[in-house]
Amino acid sequence: MEFLKSSTPFLSSLCLLLILSPHLLVETLAEGVTYEEARRLREEVRGMFYHAFDGYMEHAFPHDELRPLSCAGEDTIGSYALTLIDSLDTLALLGDYKRFSESVNWIGKNLHFEINKTVSVFETTIRILGGLLSAHLIASDYATGMRIPSYNNELLHLSEDLARRLLPAFDTPTGIPFGSVNLLHGVDEHESKITSTAGGGTLTLEFGVLSRLTNDSIFEQVTKNAVLGLWARRSKLNLVGAHINVFSGEWTQKDAGIGTSIDSFYEYLLKAYILFGDDEYIYIFQEAYGAAMYYLFNDPWYVEVNMDSAAIVWPLFNSLQAFWPGLQVLAGDLDPAIRTHSAFFSVWKRYGFTPEGFNLATLSVQHGQKSYPLRPELMESTYWLYKATRDPRYLYAGRDMVASLQYGAKCPCGYCHISDVESHKQDDHMESFFLAETVKYLWLLFDLAAGPDNLVEGGPYKYIFSTEGHLLPATPQISLVREHCSYLGSFCSATDQTRFASLVKSAGESNSSKVFRVRSSTSLYSSPHFNSAPVSELLKGRCPGLTYEQRYGLSFTAPGDVNSNQDTSRQSQNPKAETGAAVVHSNSQDTDNYSSAGAQALAES
């Protein structure tokens, strides 16, 4: 029973992901952020995307990235039109069929990876492989509304070719990959044996999707082995360090944190479980997340500690930590997410941007970490928290972010890095993730407020965002590939839960008291009728079609409707009001200055 209680926030992440439909009922937005302004802001963000995208296409294409001050191009990752590939699913999300189809056709005809170029395994995977796979899944499916008639799986073939060129990096004694590989010759004999935890543990989504699309398990297998190789070398505190030797398995940097060099390791544990249904990922995530909250969380901030002793190494906020509240939304742990987001956003408000490092001891920008390279993590968490709570503070935050980017980072041909957040000096560089993530999450935020009508909120599938913001759909081919229904679209729930009960019991015994030792309560209300089983146990043979929730073993009571006009104080007094959906509410005591109207999100079941 203890395991079931502790695992509820994590298993309910599926609940949150699957039921937050585009039809959430909200009567009003924040004072001063009307529906009309939300629509205006959405269109302003659309304009931001096209200012940068058009600048790239006119002045930099087919180089990797744009130099937005000098209006020129530069090759940064691999000399293969990086920004165009990274932008493909954003074009689709914006409904720009013409440019999406033209871009897909150009890439299919002109791109190849038979080049003598040494590339980062991590960056190439999340930007190039993820971008190609996401665009392939959109362009090849009529249900997305973006099907390209002439498309013949060219991007999928490119993806497979690229991934096979990356495979030599995984040939190590630990299974943890080298950080870099040459696309033509494999791993150089002088290649460094040191890699980051994020670099080795943030490959499972892209490689896993590729395995399921090509029916070749090697891609999924090597990336899972890398995760297991990292986790096997965790400390007794269930913490992982920042850098590791891929041959010896020795940690070369033992600083444990949720930011630089580690961040997306946590992210992909949870998302791999949600997308693939592999129980091993959720068990590892529970242990890892529990340890992070116990040893790293100094409410509302996070610090870096020694992975063995938990002694504080750095009392530092770094900008990559800002993804964490968004991940906590998926994990169903809203209270700390709300408080942490408020703290992180206070840094943005102070400088107009978030510096790469902010010292919590001196409350000043960390020396040598003054830049803001257009990072998307704070926007990502803002979007997820607004989606979960409908609290108007997140619209205020998004509006401030747009204003900062427009007045501080906009330059002649795109948007510039900020080299110093105190002086707002601009730097002549624009990372591809600005188009893949930063403007994407801002656009989604305001589109959600204005009445969503896009591929993510109203499309045929529920999507997982990769760490680069690429759209990976939870289709039967990807999420339920291990099942054996006799025809596509037929789903049936396993009625025998004996094996699952045994699995939970044994897992709880083995994990003992280490599971989910979080010092703050969860904010996700789960129906007492919620039940979950491993995805691999859900389907048996030929059976009638079920709802998306039923396919994953989720069920909710629906005894009545909630009046969307009811008094918000009554809502807060009765957070478990019976509806046809799960209720997301806030127990935080730190929200007195904000309207409680956004504390509840109702989704149609």
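The backbone N, Cα and C atoms fix where each Cβ goes, and this holds for glycine too.
What TrEMBL records for 1-30 is signal peptide.
Sequence-distant neighbours of Glu123 (active site, proton donor) (same chain, six or more apart, CB under 8 Å from its CB) are Ile77, listed in sequence order. The active site, proton donor annotation in TrEMBL covers Glu123 (among others).
Shown in sequence order, Ala198, Leu320, Gln321, Phe323, Trp324 are the residues of the chain, 6+ apart in sequence, with a C-beta less than 8 angstroms from the C-beta of Asp263 (active site). Annotation source TrEMBL lists active site at Asp263 (among others).
Under a cutoff of 8 A between CB atoms, and with a sequence separation of 6+ in the same chain, the neighbours of Glu356 (active site, proton donor) are Asn318, Ser319, Gln366, Gln369, Lys370, Ser371, Tyr372, Pro373. Residues or ranges marked as active site, proton donor in TrEMBL: Glu356 (among others).
Counting only same-chain residues six or more apart in sequence, the Cβ atoms lying under 8 angstroms from the Cβ of Glu377 (active site) belong to Ser319, Leu320, Gln321, Ala322, Phe323, Gly326. Look at TrEMBL and you will find Glu377 (among others) tagged as active site.
According to TrEMBL, the feature Ca(2+) binding site maps to Thr467. Close to Thr467 (Ca(2+) binding site) in the fold, though at least 6 residues off in sequence, lie Ile126, Thr202, Leu205, Ser264, Glu267, Tyr268, Phe323, each with a CB less than 8 Å from its CB.
Per TrEMBL, the feature region 'Disordered' maps to 557-605.
Per TrEMBL, compositional bias 'Polar residues' is recorded for 562-576 (among others).
Residues or ranges marked as compositional bias 'Polar residues' by TrEMBL: 585-598 (among others).
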